[in-house]
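One structure below.
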């Protein structure tokens, strides 16, 4: 019997319509919502009106003057972009069986919002408005700098020029902006975030799926931060090619543990952070030399291999051949006898993800399957690909969430370690080919480099 999702059970279709001036974190929040829901197996997609605007505008300059509401020609182009986006959203629900769409734009006037609400309701889609309102000058400037360096509108501009132009764009929108109001908009379903979480206004949230979205956005913090991911150092079980267990580190694993602080400081300097580990010995030993506050999470323990715990893949293939084949055929859904599947791990990781979104700088030291699930969340990796990603030992992965994606930096410790990666169709471990997924390639490209 197959799994069902929240959206399958209730046939809910929700369109989250973003509201807010530029540089308030709307695109960041939009992308986070999509990644979160997709990670939970809910079919969701973001429709960024800026992309549609660039498509319909041709060679028209995207400077601040383009957003002058009194420029009728450019206003018509922006309206056309919005029309194309909402048309695609309707098709996403009616032809692709989507569950949640995010309409990512300023939607700064009540007239625009009513137009969107009417279209959604006409097509049996539940509109849910989400406003990010802020007068936090520091946050706005930081967001403007981030957008100036990452937005496609400014790909050929110097950072200081892009920032100045973007601030002028904000001023154009401020002239006509109408924020959501609990009285004037009392008949609408909406959530309003004031200065991120200083105040949260919730109005007419009716469904379970809407409440899940509300709970999630109340936990995210669109502020600059770093997240480091690392497997424990090489363990004795790794050397013996066994899975699971609670073995100690090998000699090389202890070498990695002693070098980990240096790797973190080289990537970010002197910085305050918290270290999260699982309850298993090998992660705690890896964190032992770090001078930071430490927190253990049972939810970060390795995927439970059930009856196969402590066995090699060769032994599993010999003793449980049908299970071995079934896991290769559907690694995300397959559950070890008496153990867990990758889907089970995702479910138990949800509280970890929520708390991770609330925190600032965190170093997570955990296990291969768990890191695959966490990395898949931040990088929006499809379910069928995530269990096949290679997360090598003795490698620190630095994630930097940004407005238009997550910046990834891979830092190798240059301390040898065995490979525990098993490709599909074999019981042997080790990097046998380059035929795996794009994320396999991403995490195995050599020299240190930054990627989006």
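Cβ from N, Cα, C; glycine included.
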Selected residue, Swiss-Prot feature phosphoserine, from candidates 386, 446: 446
Nearest of the binding-site residues (146, 231, 244, 342, 372) to residue 106 (beta-D-fructose 6-phosphate binding site) - Cα to Cα: 146
Reduced DSSP assignment, residue 231 (beta-D-fructose 2,6-bisphosphate binding site): strand
Same-chain residues at least 6 apart in sequence whose Cβ lies under 8 Å from residue 342 (beta-D-fructose 2,6-bisphosphate binding site): 303, 331, 332, 333, 369, 372, 373, 383, 386, 387
Span of 53, 78, 106, 112, 169, 173 around beta-D-fructose 6-phosphate - largest C-alpha separation, Å: 19
Other CB atoms, at most 10 A from the CB of residue 78 (beta-D-fructose 6-phosphate binding site): 22
Binding-site residues compared (112, 325) - highest count of Cβ atoms within 10 Å: 112
Candidate recorded positions 232, 244, 367, pick with smallest Cα gap to residue 325 (ATP binding site): 244
